[in-house]
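**Q** Before I ask anything, let me first share the structure, which is written out below as C-alpha cells.
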Amino acid sequence: MGPLRQFVQNFRLLSGFGTDHRVFLDVVKACASVSDLTSGRALHGCVFKLGHIACSEVSKSVLNMYAKCRRMDDCQKMFRQMDSLDPVVWNIVLTGLSVSCGRETMRFFKAMHFADEPKPSSVTFAIVLPLCVRLGDSYNGKSMHSYIIKAGLEKDTLVGNALVSMYAKFGFIFPDAYTAFDGIADKDVVSWNAIIAGFSENNMMADAFRSFCLMLKEPTEPNYATIANVLPVCASMDKNIACRSGRQIHSYVVQRSWLQTHVFVCNSLVSFYLRVGRIEEAASLFTRMGSKDLVSWNVVIAGYASNCEWFKAFQLFHNLVHKGDVSPDSVTIISILPVCAQLTDLASGKEIHSYILRHSYLLEDTSVGNALISFYARFGDTSAAYWAFSLMSTKDIISWNAILDAFADSPKQFQFLNLLHHLLNEAITLDSVTILSLLKFCINVQGIGKVKEVHGYSVKAGLLHDEEEPKLGNALLDAYAKCGNVEYAHKIFLGLSERRTLVSYNSLLSGYVNSGSHDDAQMLFTEMSTTDLTTWSLMVRIYAESCCPNEAIGVFREIQARGMRPNTVTIMNLLPVCAQLASLHLVRQCHGYIIRGGLGDIRLKGTLLDVYAKCGSLKHAYSVFQSDARRDLVMFTAMVAGYAVHGRGKEALMIYSHMTESNIKPDHVFITTMLTACCHAGLIQDGLQIYDSIRTVHGMKPTMEQYACAVDLIARGGRLDDAYSFVTQMPVEPNANIWGTLLRACTTYNRMDLGHSVANHLLQAESDDTGNHVLISNMYAADAKWEGVMELRNLMKKKEMKKPAGCSWLEVDGQRNVFVSGDCSHPRRDSIFDLVNALYLQMKEPVVF
C-alpha cells in the first residue's frame with residue numbers, strides 16, 4: 001500500500017505537465033485492485049481538475065474504484081452525476097451493491113428495468129441472479145427468468161449458467177435447472193460444472209455422474225473445477241464402483257499435464273482416496289505432489305482423522321508445523337483438536353491452545369473457540385472449557401451448545417443453569433442441539449419436572465415436528481425413561497408413529513428394564529422387526545434380573561449365532577448370571593472372552609472380580625485385581641467384599657491399607673464393606689477403629705448399615721449391654737436391621753432377658769417381615785420356649801408368611817445341580833439320598849481314639 005501511495009503522490013506532482021488519460025486509467029485500476037480509497041480519492045480529484053472525468057473509460061474506472069472500496073454512497077453519488085449511463089455503468093454499481101446491500105441491489109435493478117435505456121444485459125443477470133440465492137428470494141429469481149425469456153437472453157451462455165446455478169441452489173432441479181441448462185445454445189465448461197454441481201448438491205449423484213459422462217462426449221473439456229465436482233460424486237457410490245470410477249478419473253487427469261500439476265485437482269484426488277478408505281494411495285499421491293498448499297495438508301489431516309488414523313494425523317500436523325512453509329489455519333486446528341482428544345493427549349491439545357493464543361487470527365475465529373471447548377469437555381475439564389469460552393470475542397449457538405454440553409453431565413449444576421440463563425438473555429434461538437444438552441442435564445439431575453419443561457418448549461418451538469429423523473423425539477423418550485417415567489416415554493414412543501427408529505425401540509426397552517417392567521419389555525421385543533447388539537444385551541439383562549439364567553445364556557448364544565460381537569455392556573449383563581449359578585466354569589469362559597475381545601473397561605474388571613469372589617475363587621478375583629494398574633474405588637470395594645464374604649478379614653485390611661496408600665478416598669459403600677469384613681472375621685478392634693474414622697478421618701455421618709456393623713462388632717465381644725446402650729443412644733431412630741443384629745447376638749450369647757426387649761423393638765420397627773419372625777422364633781427355640789415358637793408360627797400362618805426355601809448349587813463337570821429344601825425332583829435322587837443316609841450313619845458312629 002505504501003509504495004502505491006508514494007507513486008500516486010509523485011504522479012499528482014507530474015500531472016500538471018499533462019498526462020494521457022490512459023495513464024490515469026491504469027493508476028485508478030491499480031487503486032481499485034488493492035482497495036486503496038485514500039489514493040483513489042486523490043486521483044479522482046486530480047482527474048476532475050484536469051478534465052479527464054469527461055472520458056467515459058476514466059469515469060467508469062473511478063466509479064469501479066468506489067464500488068471495489070465499498071464506498072457505495074460515493075459510488076451512487078458519482079453515478080447520478082454521470083451523463084452517459086450504459087449497461088457497464090449500471091453493472092458496476094450493481095456489483096458494488098451486491099456485496100453488502102442485498103435489498104438495495106434489487107431496488108437498483110428495478111430502477112434499471114424501468115429506465116428507458118439501457119436495458120439489462122447478460123452480465124446484469126449474472127450479477128443479480130446469485131443475489132436472489134443469497135437473499136433466499138426464489139420468487140424474484142423466477143420473475144427474472146420470465147424477464148430473461150422476454151428479452152430473448154435465455155440461450156445466452158452467461159445467463160443460462162447463472163440460471164442453472166440459481167435453481168440448483170434452491171433445489172429446483174427438475175424441470176427448472178435442467179430446462180435452463182438444456183436451453184443454453186453454446187454450453188461452456190461453466191455450464192457443465194453448474195449442472196454437475198447442482199445434481200451433487202441435491203444428492204442426485206447418479207444424474208451428476210451421468211452428466212459428467214455426457215460432457216466427456218462433447219467438445220468441451222473438463223477443467224479443474226469439473227474434476228473437483230465429480231470426485232465427491234464418485235466417493236458417494238458403492239465402494240467398489242467408487243474406487244473404479246475415481247481411478248478412471250485419476251487416469252484422465254494423468255493424461256493431461258495441465259490438470260495433473262494443478263494443486264486444486266491433486267487436493268481433490270487425495271480427498272477422494274481418503275473418503276473411500278484408500279489411505280495408502282492418498283498418502284502416496286500427497287507425497288508425490290509437486291506443490292502443496294495449506295488445503296493439501298488440511299485435506300490429509302482431516303482424512304486421516306475420519307479414517308481413525310489418529311497417530312498419522314497428528315504426525316502430519318507435527319510435520320506441517322515444523323516445515324514452516326505454511327501456517328496452520330482454523331480448518332487445521334478444528335481437524336487436529338479432536339485427534340488429540342482421541343489420543344487422550346491433553347498435553348498436545350494444550351500446546352495447540354498456546355499456539356492459538358499466540359496467533360490472534362486464530363483466536364478471533366469462532367469455530368476454533370468451539371473446537372477448544374469440545375476438546376476440553378472430552379477430558380471433563382470444565383474449567384478450561386469455560387476459560388476458552390470466555391475468551392471468545394464472538395459466540396454463536398454452536399459455542400453455547402458446546403459449553404452447555406460440557407457442563408450437562410458434570411457435578412457443576414449451578415454453572416450449567418447460570419450459562420443457560422445467560423444464553424436466554426442473549427436472545428439466541430435455541431436449536432435441537434441445545435435441547436439435547438438440556439435433556440442430558442435433566443438425566444444427570446434426575447429431574448423429571450425439568451424434562452417436562454424442555455418437552456413443552458420443544459413442542460411450542462416446533463422442533464419436534466420439523467425433524468425428518470426423530471433425534472430429538474428419541475432423546476425425549478430416553479430422558480423420560482432414564483428419569484423413571486416410563487408412562488410418558490411410552491406416550492412419546494406412540495407419538496413418533498411411523499418415524500420410530502431402532503433407537504426409539506431400544507430407549508423404551510431400556511426404560512422398561514430399568515423400571516423392572518420385564519413383561520412389557522418382552523412384549524416390546526416381540527414387536528421389533530429390527531434389532532441390534534443393544535437390544536439383545538438388554539434381553540440378557542432382563543433374563544438375568546428375572547432369575548432366568550438359562551434363558552440369559554441362551555440369548556447370549558443367539559447374539560454370537562447372529563454374527564454380533566458382545567461388548568462390555570453385554571458381558572456386564574451376563575456376569576451376574578454366572579453369580580446366580582455359582583458357575584466358576586462360566587465365569588472363566590466370560591473372562592476368556594474379555595481377554596480375546598480386548599475389553600479393558602475398568603467397570604467390567606470390577607464386575608468380573610466381584611463375580612469370581614461370589615463363585616468362591618478369591619485366587620482368580622485377586623488376579624483380576626492385580627492385573628489392572630488403573631484400580632479404582634469400585635475394584636477395591638469388590639475385592640474387599642470378596643474377602644468379607646469368605647471371612648478373610650486380614651486380607652481385607654491389607655487391601656484397605658493399599659487403597660489408602662494410593663490416595664483413593666473411601667465412600668460409604670467401601671466403609672460398610674470393610675466393617676462387614678471385620679465382623680465376619682471377628683476383628684473387633686480393627687472394625688471399631690474403622691467405624692470411628694467415619695467421622696474423625698473422613699468427615700462423614702454413619703449410615704444405618706454402618707450402625708448395624710458397629711452393633712455387631714460390640715456384641716461379638718460379648719458386650720451386649722454396651723451394644724444395647726449404643727443402639728438406644730443413636731442420634732437416629734434404629735431400624736429393623738440394627739435390632740435384628742442385636743437380637744442374633746442375644747440368641748448367640750443366650751441373653752434371653754435382653755432378647756425379649758430387643759424382639760419387641762424389632763416387631764415395632766418392622767412387623768410384617770418374615771425374616772424377623774423367624775429370628776424371634778429361633779430365639780424362643782434356643783431358650784426352649786416352645787409356646788412362644790408355636791405362637792409365632794401360628795401368627796405367621798395367619799398372616800400368610802412363608803419362609804423362602806433354601807437352595808444350593810453344585811457344579812460337576814460343567815453341569816449345574818440345583819437342590820431346593822424338600823425337593824425330590826433330581827434325576828439321581830435315589831443314589832444321592834442313599835449316600836446322604838450312609839454319611840449320616842457314619843457320623844453317628846462313636847469315634848474310637
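Using the three backbone atoms N, Cα and C, a Cβ is placed for every residue, glycine included.
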**Q** Given 132-162, 318-348, 814-844, which one carries Swiss-Prot's region 'Type E(+) motif' label?
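**A** Checked against Swiss-Prot: region 'Type E(+) motif' maps to 814-844.
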**Q** Let me spell it out: take the repeat 'PPR 19' (667-702), skip the flanking residues so only those 6+ beyond its ends count, and list any with a Cβ under 8 Å from a Cβ in it.
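**A** Sequence-distant neighbours of the repeat 'PPR 19' (667-702): 633, 636-637, 640-641, 643-645, 647-650, 652-653, 656, 659, 709-710, 712-714, 716-717.
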**Q** Quick one: mean pLDDT on the repeat 'PPR 11' (400-430)?
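**A** For the repeat 'PPR 11' (400-430), the model's average pLDDT rounds to 91.
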**Q** Is the repeat 'PPR 20' (703-733) packed against any residues at least 6 beyond its ends, judged by a Cβ distance under 8 Å, and which are they?
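**A** Distal contacts: 668, 671-672, 675-676, 678-679, 682, 684, 687-688, 691, 694, 739, 741-742, 745-746, 749, 751, 754, 758.
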**Q** Which residue counts does DSSP give the repeat 'PPR 19' (667-702) for helix, strand and coil?
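**A** So the counts come to 27 helix, 0 strand, 9 coil.
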**Q** I need to check the long-range neighbours of the repeat 'PPR 16' (567-597): which residues 6 or more away from its ends have a CB within less than 8 Å of a CB in the stretch?
**A** 533-534, 536-538, 540-541, 543-545, 547, 549, 552-553, 556, 559, 603-604, 607-608, 610-612, 614-617, 620, 624, 809, 811, 814, 816
